[in-house]
Amino acid sequence: MKYPIRKTNPILSLVSSSLYDLPVPINLTIMWNFGSLLGFCWLVQVASGVLLACHYTCHVDHAFDSVVYIMRDVNNGWMIRSVHANGASFFFICAYIHIGRGVFYHSFVMKHTWLVGSSMMLLLMGIAFTGYVLPWGQMSYWGATVITNLASAIPYFGSDLVEWIWGGFCVGDATLKRFFVFHFLSPFLLVVLIILHVMYLHETGSGNPLGISSDAEAVPFHSFYTLKDLVGIVVMASLLFLVCLCFPDLFSDPVNFFPADPMKTPTHIQPEWYFLFAYAILRSVPNKLGGVVSLVLSVAVLYVMPFFPKGFHRGIQFNPVAQVIFWLFIGNFVLLSFIGACPIEYPFDLIGAYSSVGYFMFYPIFPFVCLFWDYAVDTVVAQK
């Protein structure tokens, strides 16, 4: 019997088993599209970033002017930069939806896959932060000053760590060069984590909306899901280009259109929108060290979820109580993002404090509610 080349060739067989012939559940919904959309975002960001790096000048005296040069004089430079800047926002939109779907359907029970994914999220945040500094606008400079200075709250070696990050005694040319190197090289480290993430996912197999094993009814990835993913990519690419062509500054801060001025502090310093929830949590803690710890834990808490006690059912699609808790958490996440963009004054400071407490309370309450519902349902079924 003659097998196709994708099965006999040692290299193609690896790709085929991971993509072409991979058995996947037959009932995956659109919520499972965001993994492939994240891969597409990575490709767009790397391609546009390499093109921008060809014209960017990594120097505090020329960085801002080089960005202006890209926008005005480089052929289609305005489009490349708009795709790269707005593509970061689309990257985080897909990442947050991807994580939210994982929480809803209990994908965190796949321990290794989830832990690698959490590491990818932390690295992605580092890449996005350093990229925001590179244009060397007013908000870029002061955002870098404020965020990097948080490391000084670490006891004993915090001040030395800040000076090491800065490459001196203040944010300057050495800082910009270090951030540029990190921002340029880290996406290639991210692809290593992506490969690990996919490998671990293929060991356990994807979940599905019913939360049950569907191995008996699995279908090959191609062409059932390649075409479905392609539709999602086309839709997202269309939305990205719509934003780039019609609303290119939709996600941008107006203050960042001014060159960095160390002698003039902006009235209200804030990060990009995808960091606002963590920024609001940071501001809600009056102690500097406590704020830094809360900031780190707001993302690092994802590492705890695989160790939640496992219930009888996977996912909360049939658990109305847990669904209420989940959607309250999503609403609280949006509220924190709004509070992070507001000035530190009444009532925003008070709302931010309560919302921060609610954010962290979700993680111990959510598994308890899931277990309680499973126990209650199984008790009723056993009695019948």
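Every residue, even glycine, has its Cβ placed from backbone N, Cα and C.
Per TrEMBL, the feature heme b b562 binding site maps to H84, H183. As annotated by TrEMBL, heme b b566 binding site applies to H98, H197. Annotation source TrEMBL lists ubiquinone binding site at H202. As annotated by TrEMBL, domain 'Cytochrome b/b6 N-terminal region profile' applies to 1-210. The feature domain 'Cytochrome b/b6 C-terminal region profile' is assigned by TrEMBL to 211-380. What TrEMBL records for 30-57, 78-99, 114-134, 179-201, 230-251, 289-308, 320-339, 359-377 is transmembrane segment.
Structure with TrEMBL features highlighted.
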| residue | record | Cβ neighbours (10 Å) |
| --- | --- | --- |
| H84 | heme b b562 binding site | 21 |
| H98 | heme b b566 binding site | 19 |
| H183 | heme b b562 binding site | 21 |
| H197 | heme b b566 binding site | 21 |
| H202 | ubiquinone binding site | 16 |
Distal contacts, the transmembrane segment (114-134) - CB-CB under 8 A, six or more residues away: 56, 58, 63, 88, 91-92, 95, 99, 102, 107-108, 140-141, 143-144, 147, 175-176, 179-180, 182-183, 186-187, 189-190, 193-194, 196-197, 200, 271-272, 274-275, 299-300, 302-303, 305-306
Tertiary contacts of the transmembrane segment (30-57) (same chain, 6+ residues out, Cβ under 8 Å): 63, 65-67, 69-70, 74, 77, 80-81, 83-84, 87-88, 90-91, 94-95, 97-98, 101, 105, 134, 180, 183-184, 187, 190-191, 194, 206, 209, 228-229, 232-233, 236-237, 240
Residue from H84, H98, H183 whose C-alpha is spatially nearest that of H202 (ubiquinone binding site), among the binding-site residues: H98
Tertiary contacts of the transmembrane segment (78-99) (same chain, 6+ residues out, Cβ under 8 Å): 31, 34-35, 37-38, 41-42, 44-45, 48-49, 51-52, 67, 70-72, 117, 121, 124, 128, 131, 236, 239-241, 243-244, 248, 250-252, 272-274, 302
Close approaches to the transmembrane segment (289-308) from elsewhere in its chain (Cβ under 8 angstroms; 6 or more beyond its ends): 99, 103, 108-111, 114-115, 118, 121-122, 125, 150-151, 153-155, 277-279, 281-283, 356, 359-360, 363, 366-367
Mean of pLDDT values spanning the domain 'Cytochrome b/b6 C-terminal region profile' (211-380): 88
Nearest-integer angstrom distance between the alpha carbons (Cα) of H183 (heme b b562 binding site) and H197 (heme b b566 binding site): 21
